[in-house]
């Protein structure tokens, strides 16, 4: 029996006027423009025939509306909002054009990291979210796999959808799944692009079949493994007296012991937009900052 795995599809929200005009949105609750709504409808149609077990979305309206366009094709699928997958808060830079923000940073003699939410805190909450979805949705054995409604008596791998923001997707997929956990990437050339509006990114997660898994290393049951990540990292932060970098390193070390593996099979695909002749956003260098 193949190792059970969790299929994850990650969607960036549809276009906003701030995206179009290179404005730093951060956690400003901007709405999608007409093009963004059409993009959301298009990605919803793309995913309409897939079996989805749960949809998670940022609580910001541009992500929620995109998630709703997907969820309407899956009326029986739970839809949850989660603040941990919000975009980074840019503080005083929020609402400024990228050029005005760069001028302000230069004039004040500071760096990007001096404004708004600390980068390590941003990534930490995204990783917390990832740990929770793995604990909730990744089966420990084949008996926990959901039943396949199309093939009575057979089971299938679970599939969840996450609707979030460009910065969140970069931290989740590029930084954590690929760099921290070492997931294989099927097409590295595609990774040079940013996550475009309503782009589709896919990866799978499974537990490695090894004799030195977490239960053997630290003497706990497998179903308690992900809780160790949370408790140990919290203790590290307390012991460290706000030494966030050391706490993050501790978190990464513990996660590696859980022995997760997987592949990123698709990155920032927007083939669904070609059929409606709509542009997308995220190809230029400037878009790294405009989420």
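Placement of Cβ uses the backbone N, Cα and C atoms for every residue, glycine included.
A TrEMBL annotation is a machine prediction, not a hand-curated record.
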Which range is region 'Disordered' per TrEMBL? Of 196-224, 225-253, it is 225-253
If you count the other CB atoms within 10 A of the CB of residue 12 (substrate binding site), including all protein chains displayed, you should get 33
Students should find that the Cα atoms of residue 14 (substrate binding site) and residue 87 (active site, proton donor/acceptor) sit apart, in Å rounded to an integer, by 14
